[in-house]
Amino acid sequence: MKVNQDRLWEHLQTLAAIGRNPDGSITRLPFTKQDQEAQDLIRTYMQQAGLSVEIDPVGNVIGKWMDQTMTGKPVVTGSHYDSVIQGGMFDGCLGILGAIEAVTVLKESGYKPNRPIYCIGFKDEEGNRFGYGMIGSKAINGLVSDEDLLSKDEKGISLQQAMVDFQLEPSLYKQCQKTDFLAMIELHIEQGKVLEQNHKQIGIVTGIAGLSRYTITIYGESGHAGATPMKGRMDPMIPACELVLRIQKKASMLKDCVATVGKLETSPGACNIICDHVMLSLDVRSIDPANIDCIIDDVKAFLNQIPFQSTLEHEQSLNCAPCSQSIQEQIKEVCQSNDLSFMSLMSGAGHDAMNFYEHCPIGMIFVESYKGYSHRKEEYTSPISCAQGTLVLAQMLQRLGQ
């Protein structure tokens, strides 16, 4: 069994041309002209691979390898094909185009599965337009509500209206639900430096991290920067900075845990005024929910001990999604049989596969990201790495399809 590296690379380059900006980055937001072109291209590639293709009510592109002789629960693979604003060409796209290539290679080798295999191009994973990500994989797994469809973009267009304008039928989103799967396996670029730093070709994902986001506000007392003595100031910037360092230190002590203060805003925000309050964002991720609780409890303890008023507001949470031990072991065996170096690692980023966790075993295959670059134009994974990941995916589909 041999992946056609040139064919896969050509497909990646062709898809990357859709939504390419003058600076070389890619912007392909959901329910836009660029999205339609990408959807049509993926549909064409699926049809060329001999798959029967349908577009579901929220815009997922579903290519099915099945006939009347195939029985049992389907195996699902694929990823998303939208991008962030000014993103790169591999995030998501390798997962869906690699899935199509994997099926093509299996067919060319003469293999025929005993159960259906679905290749799915998921709609709107990134959430850059409506602030609501993974609409496609959530809909398939029954995780979308009427309220979710009311999310609006910066122009005031709702997700529901955008779907209607895209010739879809969002009112039928519940018909997308198909939770009777044997397994879901997703190929993806790592989006970090771990594989590169450890000189490994394949990453076997142990789990997709859960996430909790909070907004922290610390209140002080505004004053003149020159006329207010240092002694006796109630400057909320001081405990805010102490908290940032404390969060970093605490997260570094925990296994498989990351915590980020990505936004810090002061008010009134002038160089000659002591601020009256500071707002910080907090993003905590781990495959162990206890780690997230540990960070949040430590933040609460800090806020309770400082002589400043404060608030801690919960914004969002996603449950962690452990990957199947059986699938991890099988990926390891496939790597060994193909002389591919590998290591286990967690995924700090969210992926479509995590929405399948409650309904079937999941697995993820990572390939190297150059310098860890992702969500930027410099995002790069070599042709050989793309082909190696696709080979592992193909042989996993072969195993799961038995």
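Note: Cβ is positioned from N, Cα and C throughout, glycine not excepted.
These numbers come from a predicted model, not from an experiment.
Neighbour count (other Cβ atoms within 10 Å of the Cβ, all protein chains): 28 for His80 (Zn(2+) 1 binding site). The Zn(2+) 1 binding site annotation in TrEMBL covers His80, Asp91, His188.
Residues or ranges marked as Zn(2+) 2 binding site by TrEMBL: Asp91, Glu126, His375. Counting every protein chain shown, the Cβ of His375 (Zn(2+) 2 binding site) has 17 other Cβ atoms within 10 Å. Look at His375 (Zn(2+) 2 binding site): DSSP puts it in coil.
What TrEMBL records for 207-306 is domain 'Peptidase M20 dimerisation'.
The Cβ neighbour count for Arg285 (allantoate binding site), using a 10 Å radius and every protein chain shown, is 26. The annotation allantoate binding site is assigned in TrEMBL to Arg213, Asn272, Arg285.
On the backbone, the CA of Asn272 (allantoate binding site) and the CA of His375 (Zn(2+) 2 binding site) stand 36 Å apart.
Here nothing among the binding-site residues Arg213, Arg285, His375 falls inside 10 Å of the CA of His80 (Zn(2+) 1 binding site). The binding-site residues recorded for this entry are Asp91, Glu126, His188, His375, and the Cα of Glu126 lies nearest to that of Arg213 (allantoate binding site). Rounded to the nearest whole angstrom, the C-alpha distance between Arg285 (allantoate binding site) and Asp91 (Zn(2+) 1 binding site) is 20. The Cβ of His188 (Zn(2+) 1 binding site) lies under 8 Å from the Cβ of Ser79, Asp91, Gly92, Leu94, Gly95, Ser347, His351, Met364, Ile365, Phe366, Val367, each of these being in the same chain and 6 or more residues away along the sequence. DSSP places the residues of the domain 'Peptidase M20 dimerisation' (207-306) in helix, strand and coil in these numbers: 34 helix, 34 strand, 32 coil.
Minimal Cβ crowding within 10 Å, among the binding-site residues Asp91, Glu126, is found at Glu126.
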